[in-house]
Amino acid sequence: MHADLAATTSREDFRLLAAEHRVVPVTRKVLADSETPLSAYRKLAANRPGTFLLESAENGRSWSRWSFIGAGAPTALTVREGQAVWLGAVPKDAPTGGDPLRALQVTLELLATADRQSEPGLPPLSGGMVGFFAYDMVRRLERLPERAVDDLCLPDMLLLLATDVAAVDHHEGTITLIANAVNWNGTDERVDWAYDDAVARLDVMTAALGQPLPSTVATFSRPEPRHRAQRTVEEYGAIVEYLVDQIAAGEAFQVVPSQRFEMDTDVDPIDVYRILRVTNPSPYMYLLQVPNSDGAVDFSIVGSSPEALVTVHEGWATTHPIAGTRWRGRTDDEDVLLEKELLADDKERAEHLMLVDLGRNDLGRVCTPGTVRVEDYSHIERYSHVMHLVSTVTGKLGEGRTALDAVTACFPAGTLSGAPKVRAMELIEEVEKTRRGLYGGVVGYLDFAGNADFAIAIRTALMRNGTAYVQAGGGVVADSNGSYEYNEARNKARAVLNAIAAAETLAAPGANRSGC
């Protein structure tokens, strides 16, 4: 690794930016063409609470340009007993208590950075609020019945205030280290100290990247995962039959029930991520170490999601409805035949159109009238194991609307609830035993420049106290079959369950697996 030890942001530029903004990123670019995102994560974050790794594989194959590592978060905003709570330092004037969504929006406004034109060359994510919204956050947006048991007691949201970030540029072979200087007390008394502190944190990150790691080369096998299903095939079939009856009665067009699968495991979450990265690369790959109030890891989130809820970039909101699926073929010729079959399937296309309309309606709530449009309607995208029908819906955020407004307008995804959305969620509450928690929520970020990118939390494991929780479901329509839907949910969960089972077998080459 080679580093230019001078910070890219000069003290003079920092003073100018700090006069108008309470968060100023101080950066340093290092040559790191022999590092991988995983090795950089191990060096910079080392599985500490409040750290993360975010990556993307385009169409399940080639890796996107950027990977992001969260190396430090001095505080996090979460929810306790319905109230906004900070786990750590509280930025001056940031709300404590009250509506957590309002507290989040006020915090984003207080800590807004200069726009990208004022700071050219910054990576797409340089700092912000990174974390998750659980599915049950919807109870703050819609009035739903309260029947499902809250057995995991997860917070409705937790977002890290990510101050120390490393952006891995796969095209250049460089890593941009970012230490965000945060003005915690809202005064200009300690500007030079804040700059010096940011440079010192850059020094710590630079030194960490220069340290060697033990070899992580490993072999693995793919055993059958030992897991427990929340429902039997008969029980799940009865749920599907009930929902089909409700659809026939005109209560909904589609409902998306799900069930949870559990697996006992003490495997390191980073090893599960490593396996997912190989076996199920997806547009949204993530590893988060979620802290508790004691500063320890409460639980880990490991995921490989194919689908965004919404992205916001420079005032434009975009969502990509996905509905319609075929498994990938064994050859390119088989893929072409399966694509033609999917494009000719009237049922799949009708479901896709319904979700596109839902996406248009969601964005229409927060976008300037006349700007919402559908692009690339119903085209095929191939992923590592499946292909989907995908469309793009985009719109310009209205005056006074924010990235958080776009997230809440689209939340939860129609692909995880159904249509009409509120009635579908009411029916879900009738048939699911336990609250969904993370499943059907989102994982991603709201940055300090007003942008956002959130993945739908599917193909995701929540790992806590020796148990991994994986949840999956599928859309039920008028002619759905119970046993088919049960197998569909199980197959969707298997990508992650298989990764956990494989991670348990990781061993150095030549190691004796039997222990003899």
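Every residue gets a Cβ built from N, Cα and C, even glycine.
Copied over from Swiss-Prot:
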type: BINDING; residues: S56, P283, Y284, M285; note: L-tryptophan binding site
type: BINDING; residues: G324, T325, Y439, R459, G473, G474, G475; note: chorismate binding site
type: BINDING; residues: E351, E488; note: Mg(2+) binding site
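Overlay of Swiss-Prot feature records on the structure.
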residue : record                    : DSSP (3 states)
S56     : L-tryptophan binding site : coil
P283    : L-tryptophan binding site : coil
G324    : chorismate binding site   : strand
E351    : Mg(2+) binding site       : helix
R459    : chorismate binding site   : coil
G473    : chorismate binding site   : strand
E488    : Mg(2+) binding site       : helix
If I take the alpha carbons of Y284 (L-tryptophan binding site) and G324 (chorismate binding site), what is the distance between them in whole Å? 19
Nearest to P283 (L-tryptophan binding site) in three-dimensional space, by Cα, is which of the binding-site residues T325, R459, G473, G475, E488? R459
Centre the Cβ atoms of S56, P283, Y284, M285, go out 8 Å, and tell me which other residues of that chain have a Cβ in range of the L-tryptophan site. L54, E55, A57, S64, P281, S282, Y286, S304, S305, P306, A455
What whole-number distance in angstrom separates the two most remote CA atoms of the chorismate-binding residues G324, T325, Y439, R459, G473, G474, G475? 20
In whole Å, the longest Cα-Cα distance within the recorded L-tryptophan binders S56, P283, Y284, M285 is 7
Using a Cβ-Cβ cut-off under 8 angstroms and a sequence gap of six or more, which residues of the chain neighbour S56 (L-tryptophan binding site)? W63, S64, W66, S67, S282, P283, Y284, M285
Cβ neighbour count (10 Å, all chains) around P283 (L-tryptophan binding site) is 20
Give me the Cα-Cα distance between R459 (chorismate binding site) and E351 (Mg(2+) binding site), rounded to a whole Å. 21
Using C-alpha atoms, which one of the binding-site residues G324, G474, G475 comes nearest to E488 (Mg(2+) binding site)? G474
Residues satisfying Cβ distance under 8 Å from Y439 (chorismate binding site), sequence separation of at least 6: Y135, S258, R260, L416, A457, I458, T460, Q471, A472
Give me the long-range Cβ neighbours of G475 (chorismate binding site): same chain, 6+ apart, Cβ under 8 Å, in sequence order. Q254, V255, V256, A323, E351, T415, G418
Within 10 Å of each Cβ, count the other Cβ atoms and name the one among the binding-site residues G324, G473, G474 with the highest count. G473
